[in-house]
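What follows is one structure encoded as structure tokens, with my remarks underneath.
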């Protein structure tokens with residue numbers, strides 16, 4: 001039951017109606033008996049500054065941040081954890097007296113899932129995209145010791161990501177790649193990560209069709225039955241789905257907010273239940 005003492009949490013994005021985070025986080029609150037509610041908060045890009053100030057004024061205890069607000073959210077926090085600082089993007093905010101403290105849970109979520117999928121040190125990796133999610137994936141791939149190539153439609157964005165991460169992680173092996181050579185880069189890679197919003201509801205555009213192999217690991221940040229995920233499954237590649245990333249990063253966020261271990265299995269079941277009801 002919602003009362004005057006119920007703590008407020010939410011996810012900020014544009015668009016955000018498709019988000020599965022409310023089902024997942026509310027299931028976690030219910031499982032552990034936390035008096036809290038989590039809602040989706042649609043915020044246009046030009047309103048993000050006032051939205052974060054307003055959420056703090058309204059007493060929200062924590063927020064997740066999704067496309068396209070992660071880099072801007074990091075710049076609006078009064079403090080950042082070391083990963084968010086290195087990545088230059090924040091996807092989890094925790095209320096403090098002075099404002100928001102920013103964290104990046106996408107990056108450690110990616111690292112743990114890719115490591116579990118068998119990504120080996122020294123392997124070649126291709127990252128597609130240069131936004132907030134891509135920056136988190138780049139950090140994860142660098143931490144795993146891969147030879148990373150970053151391809152984005154805007155070449156300068158890929159180059160900027162590489163410069164920023166090289167400065168934050170000395171010794172990182174990464175460089176920008178030509179987006180026009182995406183198919184060849186994917187063929188040469190042992191790991192392919194889609195860090196773009198292609199496949200997300202409300203986002204136009206497609207990636208060039210990529211052919212995968214059974215010996216590759218493919219991670220798609222976008223959840224659902226995307227073209228990329230279907231191609232990876234058809235090839236027998238080891239697929240790390242957007243749902244897996246969502247659950248893992250959400251579990252890390254839950255712990256940041258509550259100080260309690262997240263009921264990750266319950267969170268995953270909440271996503272499966274929604275998918276089954278569609």
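Each residue's number is its place along the chain shown, starting with 1.
Using N, Cα and C of the backbone, Cβ positions are placed for all residues, glycine too.
Now, the feature entries from Swiss-Prot:
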{"type": "BINDING", "residues": "19, 20, 21, 66, 91, 106, 223", "note": "shikimate binding site"}
{"type": "ACT_SITE", "residues": "70", "note": "active site, proton acceptor"}
{"type": "BINDING", "residues": "129, 130, 131, 132, 133, 221, 242", "note": "NADP(+) binding site"}
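Where Swiss-Prot records a feature, it is marked here on the structure.
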{"residue": "19", "record": "shikimate binding site", "DSSP (3 states)": "coil"}
{"residue": "66", "record": "shikimate binding site", "DSSP (3 states)": "coil"}
{"residue": "91", "record": "shikimate binding site", "DSSP (3 states)": "coil"}
{"residue": "106", "record": "shikimate binding site", "DSSP (3 states)": "helix"}
{"residue": "129", "record": "NADP(+) binding site", "DSSP (3 states)": "coil"}
{"residue": "221", "record": "NADP(+) binding site", "DSSP (3 states)": "coil"}
{"residue": "242", "record": "NADP(+) binding site", "DSSP (3 states)": "helix"}
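Neighbour counts of Cβ atoms within 10 Å were taken for the binding-site residues 221, 223; the minimum is at 223. Straight-line distance linking the Cα atoms of residue 130 (NADP(+) binding site) and residue 70 (active site, proton acceptor), rounded to a whole number, equals 12 Å. Sequence-distant neighbours of residue 133 (NADP(+) binding site): residues of the same chain at least 6 apart with a C-beta under 8 Å from its C-beta are 67, 70, 89, 106, 195, 196, 197, 221. For the binding-site residues 19, 20, 21, 223, a Cα to Cα distance of within 10 angstroms from residue 132 (NADP(+) binding site) holds for none. Counting every protein chain shown, the number of other Cβ atoms lying within 10 Å of the Cβ of residue 20 (shikimate binding site) is 21.
Cα of residue 66 (shikimate binding site) to Cα of residue 242 (NADP(+) binding site): a span of 13 Å.
Each residue contributes its Cα atom, and for residue 129 (NADP(+) binding site) and residue 223 (shikimate binding site) those atoms are 16 Å apart. In sequence order, 11, 13, 64, 246, 249, 250 are the residues of the same chain, not among 19, 20, 21, 66, 91, 106, 223, whose CB sits within 8 A of the CB centroid for the shikimate site. Note: the CA-CA distance between residue 19 (shikimate binding site) and residue 242 (NADP(+) binding site) rounds to 12 Å.
Recorded residues residue 223 (shikimate binding site) and residue 242 (NADP(+) binding site) have their alpha carbons 4 Å apart, per Cα-Cα distance. In this structure, of the binding-site residues 66, 91, the smallest number of CB atoms within 10 A of the CB marks 66. Across the structure, residue 131 (NADP(+) binding site) and residue 91 (shikimate binding site) place their CA atoms 12 angstrom apart.
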